[in-house]
């Protein structure tokens, strides 16, 4: 796919008139991004973000050399993590078949020397010679590593240098050499427990070291969720492929067209405009602030490597559209992709009954059904009444709230309390006052008494969680006023709430 000595003009001269017209037509396509994704992976249903990430990896960023001679890589590394049967290996196979210079290997079956390089004795001269490994063979191409998490830790360490510095250094048996490994790495990994646990962070789900994780520009998480519409569409696609292989594959562009376009577009070396520079810095600041703040802990630590990833992805977007300059719209898409790969995992539904369920499990011991808060009603304090005894066998579903909705409510509460803080000296609100204020704010959404009770229950649980779990809100203690036991009891039941001064509001 790559030839450093060629220019866009020389590649154009190698094409026939018809081929060049097709390449030119593709460059003018308003829907090029989507059409390239669907044409490259016609047999894979959905997973659009992964397709976009892999496509940008094929175009790549612009490699640079600083004044001191330090090389900055332009290659984009992508890791796909997910449950079994979510088309991870299919992506790797597609890239391996499409790219002229791609090497496909399995992490479990590859040793450190098999991936980098080995020193062996030549049969004829009996001297030590270097035997190229997968990363060297994929120089100026793509190295697809399946079962990446199954690699031994010492074998993972061997590719640290290749992933960041794009070289492989060898000092074995009197042979000392530094070899090029300018390759993009497309890796696929399975979660530790077999299925992705959305309540844990990405780092806890996969068996990869922190240095390796930071060297990947994009992480994509594929979770096998039961969804009737998606399951039907996937089943239809697979059955169509088995029954009508040729007819079912619908491509806008042929693979040869894409190869020619890729070869032509890769000759562009887009420069970052001043406007885009400022935009990149602004977006990086947003990522860093979000990483250091409250509710969500991102998939991994946001470092300068993620800033470089954003630059490479922006350059790749500009290359794809055959632009000589990186524009803010390219940076925006790069930030969106990077943001998706960082944040997407951290959005499980929030279980607002978590504390009560833990309490029930403790009280019940081995008697309860695992995973269900199904004891009679000790939560409401009515345990033992005849009415509730008849409902003992019915499991009580836990109250869950979508993560985005939980963030929206918490941001609304924080903004209101901070506004009160700015306007008045006595900014603290009682918990009951805060609940009443929120219900008044959403009164247009409430149509019945039952809905009002439900919304009140939700906001009370959210406030409780923000106070005792996320520590976004602080209950003011009544220090030194222990004399009046009656007053202190009412104070404990309905305390004053203020926002934690160290809390940084989410975007």
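Residue 1 is the first one shown; counting continues down the chain.
Cβ atoms here come from the backbone N, Cα and C positions, even for glycine.
Confidence annotation: the domain 'MCM' (32-239) carries a mean pLDDT of 85 in the model. What Swiss-Prot lists as domain 'MCM' is 32-239.
The ATP binding site annotation in Swiss-Prot covers 45, 85, 86, 87, 88, 89, 190. DSSP assigns residue 190 (ATP binding site) to coil in the three-state reduction, placing it in neither a helix nor a strand.
Counting residue by residue with DSSP, the motif 'Arginine finger' (214-217) contains 1 helix, 0 strand, 3 coil. Summarising the annotation, Swiss-Prot assigns motif 'Arginine finger' to 214-217.
According to Swiss-Prot, the feature ADP binding site maps to 305, 308. With a cut-off of 8 Å between CB atoms and residues at least 6 apart in sequence, the same chain places 72 near residue 308 (ADP binding site), listed in sequence order. Following the DSSP three-state reduction, the secondary structure of residue 308 (ADP binding site) is helix.
Other Cβ atoms within 10 Å of the Cβ of residue 329 (N6-acetyllysine), summed over all protein chains shown, number 15. DSSP classifies residue 329 (N6-acetyllysine) as helix under the three-state reduction. Per Swiss-Prot, N6-acetyllysine is recorded for 329, and the stated evidence type is similarity to another entry.
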Under 8 Å between C-beta atoms and at least six apart in sequence, can you list the same-chain neighbours of residue 45 (ATP binding site), or say none if there are none?
230, 233, 234, 237
Number of Cβ atoms other than its own within 10 Å, given for residue 86 (ATP binding site):
25
For ATP, with binders 45, 85, 86, 87, 88, 89, 190, what's the maximum Cα separation in whole Å?
20
Pop the Cα-Cα gap between residue 305 (ADP binding site) and residue 89 (ATP binding site) into the table, whole Å please.
26
Looking at the recorded positions 85, 86, 87, 329, which has the shortest Cα distance to residue 305 (ADP binding site)?
329
Only counting partners 6 or more residues apart, tell me which same-chain residues put their Cβ under 8 Å from the Cβ of residue 88 (ATP binding site).
80, 82, 146, 188, 222
Set of same-chain residues at least 6 away whose C-beta sits under 8 angstroms from residue 85 (ATP binding site):
224
Rank the binding-site residues 89, 190 by how many other Cβ atoms lie within 10 Å of each Cβ and give me the one with the fewest.
89
